[in-house]
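Peer 1: The transmembrane segment feature in TrEMBL is assigned to 20-39, 89-109, 121-139, 151-170, 182-202, 429-453, 459-479, 546-566, 572-593, 990-1007, 1147-1175, 1247-1268. The feature domain 'ABC transmembrane type-1' is assigned by TrEMBL to 292-578, 1067-1303. Here TrEMBL flags 384-410, 655-698 as region 'Disordered'. What TrEMBL records for 390-400 is compositional bias 'Basic and acidic residues'. Annotation comment: TrEMBL describes 685-923, 1344-1618 as domain 'ABC transporter'.
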Amino acid sequence: MKLCEGSSLYLQDSCVLQVWSALIPAAFVFFLCLGYASVPPPLIRLFNFLKSPFSEYITLEEAEALDASLEPAQVQDAKPWAPTWRTTALTSIAVIETLAWLGMGIYMVSKNVDGRVGTHFEPILVSISWLFLSLAPILRSKATPRWDLLCLYSIHFAVSIFSVGKVLYYHNVHGSPFPGTLAFVATVADLAGIVAALVLVLQMPTAFPSKAVKKEDIGMTVSPEDYSSLWRWITFHWMYPLISRGMRRSLSEAEVWNLSPVMQSRPIFIKFNALQGSVFRRIWKANSRDLLLDFIGTYISVICNYLGPFFLKRILDSIQDGSKERIHQAYIYALLAFLAQVARAEADVQHLWCSRRASTRIDSELMAAIYAKTLKRKDFSGAVQNGTSEEGKDESKTGKDDEDDKGPASAGKIANLMSHGTGSTGEKIAMFFSVVYTMYAAPFELIIAIVFLYNLLGISAFAGIVLLLLVSPLNKLFIGRTVRIRRGLLIARDKRLSILNELLGAIKLIKFFAWEHKWIERIMEARQKEIQWLIKSRITSIMLSLSLRTIPILVPLVSFFTYVMLGNELTVSVAFTVPTPFIAELNALLTLYRRPMNTIPSIVLNVLTIKLDFKRFGAYLEEEEVSNQVSSLNKVAGSRFSDVAEGLGIVDGTFSWNGTEETEQGEDNLNGQGKKKDAGTAGASPAPDSPRAGSTKAGARFQLQDINIMIPEGKLTLVTGPTASGKTALLTALLGEMTRLSGRVIMSKDTTRIDSDGLMHTISYAAQTPWLRHQSIRDNILFGYPYEERRYEDVLDACALKPDLDVLEDGDLTEIGARGISLSGGQKARVALARAIYARTKYVLLDDPLSAVDSHTARHLFEMVLKGPLLRNRTVVLVTHHVELVLPGTDYVIYMSEGRIETQGSVEELRERGMLDDVAREGIVNEDVDERVITQEKTEEDLAVEVLGADTSKGEVEKKKPRKLVEDEHRAVGAVKWSTYRTYLKASSYWTWATVMVLVLLMEIWVDAYGSGPEDMSHLPLCSRTGLAVAEPFIHHSSTVLPLRAWCAYTSRLPSAQNHPLFYVEVYAAIGLALMVINLASRAVEVTGALRASRLLFRQLLASIARATMRWHDVTPQGRMLNRFSQDMTAVDSQVSSSVQDVNTSLAGLLASVVTISVIFPAFLVPACALGLMYRFVSTRYLNISRELRRMESNSFSPVFSGFGELLEGIVTVRAFSAEQRFLDELHGRIDSYIKMGYTIWMTNRWLLLNFEILGAGVVLFATLFSLSGLVSAGVAGICITSAMDFTMNVYWVCRFWTEMELDLNSVERVAEYLDLPQEAPAIIESNRPPAYWPSSSSGHALLSVEDLVIKYAPELPPVLRGVSLQLVARERVGLLGRTGSGKSTLAMSILRFVDPASGRILIDGIDISTIGVHDLRSRITYIPQDATLFSGTLRDNLDPFNEHSNEECLDVLYRVRMISKATEGSQESTSSQSRAPSIQEVTRATTTVEEAMSSTSAGIPSTKDGISLEMQISAGGLSLSQGQRQLVALARALLRRSSVIILDEATSSIGLAADKQIQETIRQEFKDSLLLTVAHRLKTVIDYDRLIILDNGRIAEFDTPYNLIQKEDGVFRRMCLKSGSFLELEGLAKAKAECC
């Protein structure tokens, strides 16, 4: 039995239509019901397998629970039920529909209406689907939308609309009568019911907030993305409240919604970290659902996109036909084209949302993965980077592993991984997944394009495809070259960032030595190598672009040629739908055809480059990690190490610093299989006690050998020994931070394990170089532990910090800046010590905390800390040279020598064996300046950073919010200022952009004049007699009749397409090639200007920062500066010029489109103006908020970058305290603050895309309906429709590109902000340069004169120095004494012009230093700071960075500071005499092999057996040497300069006391021809000086010879000596000095 007797399956028959309209919803219900049926297990497994990639990576409830560290059940409310009224309404509608359709079916069957079975069963089948809809809301009630109901309602809606349209079509075309009144009412009621049901479903919320989310916060601080209604989610209207708010005012960071819990860093990283496999596999597992939905949405978008030209061709065919039926069909096609474009817009916005969500998650996951890896990775900060750079390699060499990936990652490479900007590794990987849809969209589009071409051109289409295959090897060549260039570019960028890191980290030392210009040149050399790679990259990009543009020209050209030669003629419909190679003005299919052809080579390129990025990222994640003993992140909660003995110690241990060859070989032997992860214990101290690297031969590197110790529980253990003997290395090994070559470390850290004394079974640690965070003093001491007021106060008292805090306006809430920049060396050491003892830890490791404080404070620390109640019952290991001071409280002593334990035992045992006196002799306590004798006042350091701003000496100080040392990063508001545009245009040259504009306009005029190729032929029918006759009625009322007649008069003289078809193919080719040449020239000019801007802006930025005042550097985090040099400069290199070019091109395209419409279709200008207003309404809202969001995004990344740099410096301390998880949690918050800005930008972009697409679809629909009015011919109709398409697309791209340009110019804005920093005085004043011999020690007058000097750090602040006057003569040795804050450092800094006088003056050798340049001044004076800083390179590079001295001179100064022996000096002189002197740039040359075993002579001076050589490699920061060794190098550097004025600032505080005695003797002998001004704490250091200056509160309290001062009754200096306990000895030394002189 047939359903429709006498009918086929064609849809023209009404019965067939009715059957299909009933079968579709019924079939859908049938398949839904199958889900409730019993299914065989194999099918279930298959279904689950296919479903698994579509499952949620993390549910909303799970994310909310993980974010709150709770179980999902604890945050999830009871399952919400649908409101009763909604369920009742949906059920009522469905029941009414069911009864109505069922009644109609029964009636039709009983009356045998129409006589066909299909007609009878249609209402019955429909009633079945409505029955399902009536039962579903009751049986499975849900408060959130049910997708099955939504789909079924949508099907019914489409069927109902189709039925109404069918009636209208048959009535208008065939004259069929309308149905009766009852049928009409029933149809309207049916449609109304369906719409009502759809509205109810679309208003349902997509999710409900749990108990962890306050409902009132949704839309304020919580994103409504998860909780909005389905309709708002589909239309992206959930973004509009934020967009509207951003339109009214400038948003703050707090007003931007937080990320959805399923997007926040912490929950997604917890899940991501639990996954196994490679980085790519983990990314796929974590984001498969979004990527697959992106895949599906992309294909829907592609199909809908090609429906546009598909329907366009049929509309034009219908207009040409002109029959009534075809015209009505054209109306249907127009409506379908509109719906297709709306569907495409929705598919686009949804699949792009999925891809962006995946990309954002990946970005967050990778940043957190880098940070988490750094928390577990060995500390290679002191390792010398081996391997040669690839910068000099031939880029043609392939197939070998990158040298850059061998060995530990450098600081520059890590910064590049963590940084975010175009070109950075993490950003490239994340962005790849945001555009991954092109990988499967482009081939699909190309297949469809080929099908269209074949349908239009027949076999001729394949001629172009064959050509495409023939030229593919050319693209392969360019792509391979691009990948190689990117590898070189990344390496060059890593190198540049590493050098920048060194510059910014040591900017103070560089200014001391007036090396700014030389370091600028050094960095610019690295930058030039990067620019060279950029040039290669741009040239290759242009060549690839040329290839990509040539191929789309040649392919259709060959196809047209073949098509014409086969005797075919181009008709109107073909001309308007055949793909051509130019801009979108040609027709719709042009863009669709060009995109896949241009995209496919780019896809291959992206895949190859992203493979390199994955390799770099994977290499870092695979680097060696510390063991589970060390890292708390590797431990399972509550786990115990049953195989680790109790206590703290080492058994048969041999250790090496990380990054050495012995490390790798030893670990391979230790583990058997050479695994890199969890091998032994690893890491390196940030301030090592012995050299880590100095040669390439295996026995030459420092090792701890034959270590057998067990630290006594609950006692104080003393570790001592000469400089570079391995004291710090021993502590590092106990922490598990050295690589274990043999033996084992006994250590077990468990923060959950508390003993009877309330102590955690873990470690606290105070490093030799104090590591402090950019926080308040209190936060640094608490270090994340709970605040216990009584214990905290006891710690402050014990560490002698209360007097320091009393003079600070904000007390312990004072912000101390990065690295504790606002504190003195002693204050930093005591804050770090306070942190170590405040934590309730069982084990306390202290690395030389007494060296940076005076003797009185040292004794206080010994009595109150080491012997006090805070360390009672705690196991303490103390490294110090102050043996006599701490020996009375010591229970166990370890004496180190040459990396071995020479002596160890309890104090009683060593005393019985007669060895205690030898150990004690190593640390005879020198008496130091008592900084408490003088009344406490404000410190000049505090004034320098404007911490003190109010007078606290009298009256009560009003409690207020603590001042911020570092202000929040500046953020511009409003539109990008013209000054920013001018900065970039000027840097890239105005001529560049003037030339580009001319070329772009020339290209657009050329396209417009010649109709862009084959359009010439499409105009010919219009200019024929028939065409003019058809067009005349319309054109007569327009202003284009004369131009059109002129154009037709010209084209009528051209040969006809029928008689001379090849003529137009040749014209087409000529136009295409001309446009290609113009475009190539435009790109070349643009690239030239961009590279010029990159060079100029980078140099200006570098010079501005390098020459900025130290005050600015002190209050500006290094992360902000690095962010400018990495993220912002990368954008300037790669994005800004392209954005400006895109704006130029889109504006020219819009102009051409308007001109074309004005000439050909001027009536469209009226709706175009209205459309422009609507576009403006949408685009201004998008522009305002996206611009502010981009600025906030740039600012919010600086804390991420700064925090990461902070972690790299203090990773050993963080791991010692088992604080890794807390630091990781802090990072999650910073990542969320950064990521939410970028994610919100893209969500506003999706809102813009959807609105623009729907507006554009509406305009095209209007233009199409106007074309169907019968007033125009097919040719004009085609122009009308394509002009509407072009106009809408051009408006969209102008808005989009303009916004992108403003967003990219944010980087220029941020760079320009740092071009106007407060600068120091000019480096050189050409009109007033001092003579070459200045300053001269032979002058008869005073060498240094200070006259009534008053120094203020700011006009509104009180003076730091008050009327200081003094005169120092040549060759005089003068000591500068005073408490911390008395003005010592300020006086020394003022001599170097780090701050200019408010009044008074300083003269050196008769010249007022304020009248000469700071370079001329500082280059003639040597300043040796307390914290000696070294740079990466060789030892010679650090002594003589710019090759100004011979090797013999360098070796001589090393001998004088006792770093090498005389025999070693002679052997190296003979070795190096035949070689040229090295330079700082040659950091990769071969090193001279040396043995680095430091021994101690009878005098206690370190010497070298084979030893330290000039070619010894030094790591960045000098971390491959101990702190004492670094100070010796700094002293040698000063000797080499041979300045007439030398200032020493506590330069020997970290050298052993016996060694210091010999060093002081060297200073007396070697600096005898110089004026020596020493700032020292040790009285014995300066007791034999010529004169002493005692400063008090910025004034000179005393100034005379040591003997006169010590004899002065009630004198300050005399009281210091009396307090020292060595008065008689000091008096004798002063008297001897007075008598001998």
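Glycine is treated like the rest: Cβ placed from N, Cα and C.
Note that TrEMBL annotation is computational and uncurated.
Could you give the neighbours, burial and distances for every feature on this list?
Peer 2: Same-chain residues lying 6 or more positions outside the transmembrane segment (121-139) and placing a CB less than 8 Å from one of its CB atoms are 3, 18-19, 21-23, 25-26, 28-29, 32-33, 82, 87, 90-91, 94-95, 97-99, 101-102, 104-106, 108-109, 146, 148-149, 152-153, 156, 197.
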Peer 1: So if I exclude everything within five residues of the ends of the transmembrane segment (89-109), which remaining residues of that chain have a CB under 8 angstroms from its CBs? That is, six or more out.
Peer 2: 119-124, 126-127, 130-131, 133-134, 137-138, 149, 186, 189-190, 193, 196-197, 200-201
Peer 1: Check the transmembrane segment (459-479) against each of 151-170, 182-202, 429-453, 546-566, 1247-1268 and return whichever range has the most CB pairs under 8 Å.
Peer 2: 546-566
Peer 1: Taking residues 6+ outside the transmembrane segment (151-170), which of them lie with a CB under 8 Å of any CB in it?
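Peer 2: Distal contacts: 14, 17, 21, 24-25, 28-29, 129-130, 132-133, 176, 178-179, 187, 190-191, 194-195, 197-198, 201, 328, 332.
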Peer 1: Residues sitting near the transmembrane segment (182-202): Cβ under 8 Å, six or more positions beyond its termini, same chain?
Peer 2: 86, 89-90, 93-94, 96-97, 100, 104, 133, 145-146, 149-150, 153-154, 156-157, 160-161, 163-164, 229-231, 234
Peer 1: Restricting to the domain 'ABC transporter' (1344-1618), report the mean pLDDT as a whole number.
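Peer 2: Mean model confidence (pLDDT) across the domain 'ABC transporter' (1344-1618) is 76.
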